[in-house]
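Taken from TrEMBL, the feature transmembrane segment applies to 20-39, 60-85, 105-131, 152-172, 192-213, 267-292, 325-349, 370-387, 407-430.
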Amino acid sequence: METEDVSVREQLFHNRVRETIICVLLFSCLYILSYLILTHFRKNAEFVTDDTEDATVNRIALWLCTFTLSVAVCAVLLLPMSILSNEVLLIFPHSYYMQWLNGSLIRGLWNLVFLFSNLSLVFLMPFAYFFTESEGFAGSKKGVMARVYEAVVLLLLLALLVLGMVWVASALLRDDMARKSFYDLWEYYLPYLYSGISFLGVLLLLLCTPFGLSRMFSVTGSLLVKPRLYRLLSVGSLSRHHHESFVLIRFFHSEMRKKASPWQRNLVYPLAMLLLLALTVMCVLMVCFNVLELLLDDTAMPRGMEGISHLNKCDPHLGMASFSMFGSLGAAVQAVLILYLMVSSLVGFYSSPLFTSLLPRAQDTNLTQIIANCVSLLILSSALPVFSRTLGITRFDLLGDFGRYNWLGNFYIVFLYNMLFAGLTSASLIKTVTWAVQRELIRAFDRKYIR
């Protein structure tokens, strides 16, 4: 009996070590990728200066931004990886080489992403901003440590202000939470704060994603070589509004047309447009189907804190059943749709007049803009799992603290959210696909036959 206990403990130890190694390797790869992305956009003049103190401060702030961006990328991949992992275990249930892929590993990744998201949003990014803007207290000795002391003091003051606002909000909304002591900070107030940040991210996704879905057609069209008909239509619309931009775009497309083969000119562009249209229509149909399920079946509701409390004590059972009625193919489509929605939300975010100034430029983005971009991307990406589950894109239940948002159990909020997304996306799709094409065809007809 004692030998069996030792073997069980050894197995648990080896599993924990294996999961730690996998998480470290995954995060290291994402960190390297994030660092390469940021170094591509950063302004080199801020890191190569005669003032070694400023260069050191900027370098430390860039490392913190790299950490935050890697967490954001991991949050984007979290739900697709979980869905695909379940399908892999269904296909290879007894494979020796797939033993490392289990519910404990997936749940650990969800918990780490939630922890690092809180850490980055509440501490690291505010500290990075204060660190770059600080100069040290008056009368103190100048140096990096003087900036650290000032940044820490400002961060503590900001933390007290935010926690006070959270306590007031909890007192107004929930009297029982307002009676909690300061020692319940980690268990109640920080999750409550992150729930509010996540709700803000979900609302931001609701506004940006429909707009981004409509913008995806024009953005993709600008990157591809168009057939002659579409090229004439776009030329007619650009030449009347943005003459200088039109000259540059015409030169760019003329160079692309010289290098493009006939099948690239006449096949790739229509196929890309049809693929975008199919993905967008599929998203709208899945949301409409989810609306019907919300009206008829209580299990369609995303699970909130109370709904998953019994799951917090055990690992998710992967490899038991597919999360799509169409099997592995449907699960793969779900993963693609989640990534497509994230890309569309980014396109809509940076196309919005409020956030256009945040759009990073290669080798010309200052450190303050990099910090703002990392915070924005982390808010959007950390809300993506909740966003996808609320819309019914997937049936994969939210793991860990991602499901501890009380508003997820509110039927009216979830139902209204689905209706708004379906309505806004449908309106944007109709306007982009039908009205724009009709308008350009009429203009082309006028130019050819009337003039």
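Note: Cβ is positioned from N, Cα and C throughout, glycine not excepted.
Owing to the predicted nature of the structure, the values given are computational and were not obtained by experimental measurement.
Long-range neighbours of the transmembrane segment (370-387) within the same chain, counting only residues 6 or more positions beyond its ends whose Cβ lies under 8 Å from a Cβ of the stretch, are 38, 41-42, 61-62, 65, 68-69, 71-73, 75-76, 78-79, 113-114, 117, 120-121, 125, 128-129, 132, 197-198, 200-202, 204-206, 208-209, 302, 338, 341-342, 345-346, 349, 355, 358, 360, 398, 402, 405, 408. Nonlocal intrachain contacts for the transmembrane segment (60-85), taken as residues 6+ away from its ends with a CB within less than 8 angstroms of a stretch CB, comprise 26-27, 30-31, 33-35, 37-38, 42, 47, 101, 106, 109-110, 113, 116-117, 120, 124-125, 127-129, 131-132, 318, 323, 331-332, 334-335, 338-339, 342, 367, 370-371, 374-375, 377-378, 380-382, 384-385, 388-389, 394, 396, 399. The stretch from 20-39, 105-131, 152-172, 192-213, 407-430 that makes the most Cβ contacts under 8 Å with the transmembrane segment (325-349) is 192-213. Here the transmembrane segment (105-131) has long-range neighbours at 19, 22-23, 26, 57, 60-61, 64-65, 67-68, 71, 74-75, 78, 81-82, 85, 147-148, 150-152, 154-155, 158-159, 162, 190, 193-194, 197, 315-316, 318, 368, 371, 374-375, 378-379, 382, 399-402, meaning same-chain residues at least 6 beyond its ends whose C-beta is under 8 angstroms from one of its own. Long-range Cβ contacts of the transmembrane segment (20-39) within its own chain (Cβ-Cβ under 8 Å, at least 6 residues beyond either end) map to 62, 65-67, 69-70, 73-74, 100, 105, 108-109, 112, 370. For the transmembrane segment (192-213), same-chain residues at least 6 beyond its ends with a Cβ under 8 Å from one of its own Cβ atoms are 114, 117-118, 121-122, 162-163, 166, 169-170, 177, 280, 283, 341, 343-349, 351-352, 379-380, 382-384, 386-387, 390, 401, 404-407, 417, 420-421, 424-425, 427-429.
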